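Residues annotated as active site, proton acceptor in Swiss-Prot, with sequence analysis given as evidence: Tyr151. Residues or ranges marked as NAD(+) binding site in Swiss-Prot (evidence: similarity to another entry): 10-33. The feature substrate binding site is assigned by Swiss-Prot to Ser138, with similarity to another entry given as support.
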Amino acid sequence: MVIANSNIIFVAGLGGIGLDTSREIVKSGPKNLVVLDRVDNPAAIAELKALNPKVTITFYPYDVTVPLAETKKLLKTIFDKLKTVDLLINGAGILDDNQIERTIAVNFTGTVNTTTAILDFWDKRKGGPGGVVANICSVTGFNSIYQVPVYSASKAAALSFTTSIAKLAHITGVTAYSINPGITKTVLVHKFNSWLGVEPRVAELLLEHPTQTTLQCAQNFVKAIEANQNGAIWKLDLGRLDAIEWTKHWDSGI
């Protein structure tokens, strides 16, 4: 996918990985970058606008845990303004296994709902033009960090959902791939709660392992966007971008 002159919606585009990725996207010259985030950050929006004045940056407050109908309403506002959208990035995520329901709501249900909502505008069965979904999942969707089983399971669910959406592309016209960062130096991993307090030092122990910067992750994210490979399972770890070959242990046969 060519980012230049495209229209992109980025959910949680002002977070740790999100903000650096927004910067890299803006440098590539899209026509519009629409940022949806729970918390407004005027300074970050101003920085993005200054980075490339030719790009129109728009912000809308958005919490991915709202009902599906509210998400559809917001997307209608965006589509009415832009007419077309080329790429949806779902990047919302929390890491706190004390908040079981919210972890599932943000990391999984929110991704499902935003993707489902945009199908109203993209689905070729409804006369839509199709589109591309990039879902930020996690390497914990491959192999869990067992001290945070709720977080890990939510990311595995998001990965499975994304893979299924990709396989439906011939029906809907919507392609999809997953972005799976490894341990990245963000506020998210500096301090977080394990499930039932099974490992109070989990954040400290995790950061003893090799990590990557948000910039390294963002630069590889843009490479994945440009590759635009339907069904790809991208691992973004230690400053590298690698396509994962998923091992098939069972097939529904349908």
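All residue numbers here begin at 1 and follow the chain in the order shown.
Cβ atoms are placed via backbone N, Cα and C, with glycine included.
Here Ser138 (substrate binding site) is positioned 17 angstrom away from Leu19 (NAD(+) binding site), judged by their C-alpha atoms.
Look at the Cβ of each of the binding-site residues Leu19, Ile25 and count the other Cβ atoms within 10 Å; the largest number goes with Ile25. When each of the binding-site residues Gly13, Gly16 is scored by how many other Cβ atoms sit within 10 Å of its Cβ, Gly16 comes out lowest. Cβ neighbour count for Lys31 (NAD(+) binding site): 16 (other Cβ atoms within 10 Å of its Cβ, all protein chains included). Taking Cβ-Cβ distances under 8 Å and a sequence separation of 6 or more, the neighbours of Ser138 (substrate binding site) in its chain are Gly93, Tyr151, Ser152, Lys155, Leu159, Asn180, Pro181. In this structure, Phe10 (NAD(+) binding site) is part of a beta strand by DSSP. Counting other CB atoms no more than 10 Å from each candidate's CB, the binding-site residues Ser22, Ser28 peak at Ser22.
DSSP classifies Lys31 (NAD(+) binding site) as coil under the three-state reduction.
Local packing around the recorded positions Phe10, Tyr151 was summarised as the count of other Cβ atoms within 10 Å of each Cβ; on this measure the leading residue is Tyr151. The residue listed as 'substrate binding site' falls outside any helix or strand according to DSSP and counts as coil.
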